[in-house]
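Structure, as structure tokens:
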Amino acid sequence: MTIRSPEPEVKILVDIDPVPTSFERWAKPGHFARSLAKGPSTTTWIWDLHADAHDFDSHTSDLEEISRKVFSAHFGQLAVIFIWLSGMYFHGARFSNYEAWLSDPTHIKPSAQVVWPIVGQEILNGDVGGGFQGIQITSGFFQIWRAAGVTSELQLYATAIGGLVMATLMLIAGWFHYHKAAPKLAWFQDVESMLNHHLAGLLGLGSLSWAGHQIHVSLPINQLLDAGVDPKEIPLPHEFLLNRDLLAQLYPSFSKGLTPFFSLNWSEYSDFLTFRGGLNPVTGGLWLTDTAHHHLAIAVLFIVAGHMYRTNWGIGHSLREILEAHKGPFTGEGHKGLYEILTTSWHAQLAINLATLGSLTIIVAHHMYSMPPYPYLATDYGTQLSLFTHHMWIGGFCVVGAGAHAAIFLVRDYDPTTQYNNLLDRVLRHRDAIISHLNWVCIFLGFHSFGLYIHNDTMSALGRPQDMFSDTAIQLQPVFAQWIQNTHAAAPGFTAPNAAAATSLTWGGSDLVAVGGKVAMMPIPLGTADFLVHHIHAFTIHVTVLILLKGVLFSRSSRLIPDKANLGFRFPCDGPGRGGTCQVSAWDHVFLGLFWMYNAISVVIFHFSWKMQSDVWGSVTAKGVSHITGGNFAQSATTINGWLRDFLWAQASQVIQSYGSSLSAYGLVFLGAHFIWAFSLMFLFSGRGYWQELIESIVWAHNKLKVAPAIQPRALSIIQGRAVGVAHYLLGGIATTWAFFLARIIAVG
């Protein structure tokens, strides 16, 4: 008898035409909720509409329908991203000096925005060099285009049109997969298939296609650009693709074709797949041959990873088996039950993804300056500062979002009866120990980090510098960080004998890469000032985590409110007659967590901005390196007064004195954003009753004049007021910082 593997069963994974397409719904705001569909009777309606429009859980309890809406919305999100990208590329094609910058990136500044002189604001068009008048941009697009091998504005036009085509496709896909062929719930829950496709397809083939583009297009074009060839003389991408001899002139191993690949002599390809380390001295960026090698390696890893999970063929890993086998001697049932959670609660899934993505985004921020990936990025200080700040803020918001969705999962999706003695249950049962220990850590870090600063300010004020904690008095050197730096700096000759240079110049040594007389990257020394600020970082991060984690762990119940789960994710208080129960909802913890996230990230970007200007960025002359602020960080950052005087006040002079110059828009934004920030306090420090009384008085006046509105005005609810408050607080604070940073660094960098 013959034994055959079982036939893979054919599953029907879509429903055809589940929801009719109708434009009439567009004319009925709030059609998704019975209470909202009636239309507005009070002004609260518009706030509830915004709060619930994307809260698909509140529209229906059918998980399949929720999943389809989320899936469809993702295509809409991608369409918006493609339209935005297309706009960036169009600006590069139509309003930029990209071709001029490409021919002289060390003297000409990037600009892709030209202000039209409608009411005399053409003063904003500064001279960026090469006879071009425009606003200096700090997005890094020019550098990424150069790294990708873009040599003309026509290519940017073509890509901009391609972006619009892709956006159209995404919008059609979003409609198609909700109205025409909507996936069944089983398709959304098929985690093994999803892992295989996302790992091998998205990450694996995505990296492979980028590696292919780098090898066949970017490397030859950048090699010629680095050698000083005029961009107009460089062959077009398709010529490199179609004519192997052109490539072989630059990378001789191309003449051998695929023979070395199939004969396993892969080292033959080492002319374009390198392992150099360090930075290209011409551009100040990573060697593009290193990054091509890196993406090829990543592609191989992820394509292999995308074949690990069991689908129709009965071989490979099963996620459920992995999770249920994951038990330790002290962890009860281990991860049993988590599979069900992660396949039925998209909030739980989203919380993990946001926490991971947020952490990765912050890691990206730190690599963008220490290992600058694109040509001429490292010497464009405005772009370096912008990219670091941007990725830090994004990471902070993602991490707070993780706390929000973890709490929503516990309130809406968690079923305690199915989770007995697994890790989640055990964490929830000893939450008091977790939170009280974390609270102790926060108190310790807060008093000690702040205490060191208060000591220094007091000694400085009393004229006793010899009794301060500083590099020139009582030293508190960050010895562990210095040990890590030295280990990495010594690696090339020691633990990594094949590496020509350390992974980053920041680790130490004597190397300095300068491009056009500007420092690209050099060793970053750490001292007492960094030790002090580091502990402020530790403090603010731990407090943010304390607030978010307390919100998550006590989202279903607490000693104060044992039935909290019944009150939902957001509620103002536990009903009338129970004093002292306001601001305890999971939503309120997210609200408070946002302020501490803002604190934490602000200290990080201030530290980065000042440290780089003091110890890294600057010009190289015959006498040595002249840093922008002359190395004043080590002495001044050891007191709070030093931060206020030598960082905030000293460096705000550019934005405050920007009127009458091309930077004046930053002066206006600095003022306006301060106003938005202050406006937020009106919402955060006021009571609802105060506004309701005022509104009723104003309505009385309208009634007197017979102009009373049909929709009855209402004061914002407590939670709506706090949401408006925190939104303006963050918007005002971030925009103020943005104007302060850019006016400063564009003026001096």
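Backbone N, Cα and C atoms are what each Cβ position is placed from, and that goes for glycine too.
Summarising the annotation, Swiss-Prot assigns [4Fe-4S] cluster binding site to C573, C582 and lists sequence analysis as the type of evidence. Annotation source Swiss-Prot lists chlorophyll a' binding site at H674. Taken from Swiss-Prot, the feature chlorophyll a binding site covers M682, Y690. Positions annotated as phylloquinone binding site by Swiss-Prot: W691. Sequence annotations record features per position, and here Swiss-Prot assigns transmembrane segment to 70-93, 156-179, 195-219, 291-309, 346-369, 385-411, 433-455, 531-549, 589-610, 663-685, 723-743.
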Inset, instruction - Going by DSSP, give the three-state secondary structure for C573 ([4Fe-4S] cluster binding site). - result: coil
Inset, instruction - List the residues of the same chain that sit at least 6 positions away from W691 (phylloquinone binding site) in sequence and have their Cβ under 8 Å from its Cβ, in sequence order, or write 'none'. - result: A715, L716
Legend entry - Length of the line joining the Cα atoms of M682 (chlorophyll a binding site) and H674 (chlorophyll a' binding site), in Å: 13
Inset, instruction - For H674 (chlorophyll a' binding site), list the number of other Cβ atoms lying within 10 Å of its Cβ atom. - result: 15
Legend entry - Interface present between the transmembrane segment (70-93) and the transmembrane segment (723-743) (three or more C-beta pairs under 8 A): no
Inset, instruction - Count the Cβ pairs between the transmembrane segment (531-549) and the transmembrane segment (385-411) that lie under 8 angstroms and are 6 or more residues apart in sequence, then report whether there are at least 3. - result: yes
Inset, instruction - Check the binding-site residues C573, C582 for other C-beta atoms within 10 angstroms of each C-beta and report the one with the most. - result: C573
Legend entry - Candidate ranges 156-179, 195-219, 291-309, 589-610, 663-685 - greatest C-beta contact count to the transmembrane segment (385-411) (under 8 angstroms): 589-610
Inset, instruction - Measuring CA to CA, name the entry from the binding-site residues C573, C582, Y690 that ends up nearest H674 (chlorophyll a' binding site). - result: Y690
Legend entry - Residues of the parent chain within Cβ reach of the transmembrane segment (291-309), under 8 Å, 6 or more residues beyond its termini: 191-193, 195-201, 203-205, 207-208, 210-211, 214-215, 218-219, 272-275, 316-319, 373
Legend entry - Alpha-carbon spacing, C582 ([4Fe-4S] cluster binding site) to Y690 (chlorophyll a binding site), which is rounded to whole Å: 18
Inset, instruction - Mind checking which of M682, Y690 has the fewest other CB atoms within 10 A of its CB? They're the binding-site residues. - result: Y690
Legend entry - Alpha-carbon distance [C573 ([4Fe-4S] cluster binding site); Y690 (chlorophyll a binding site)] in Å: 18
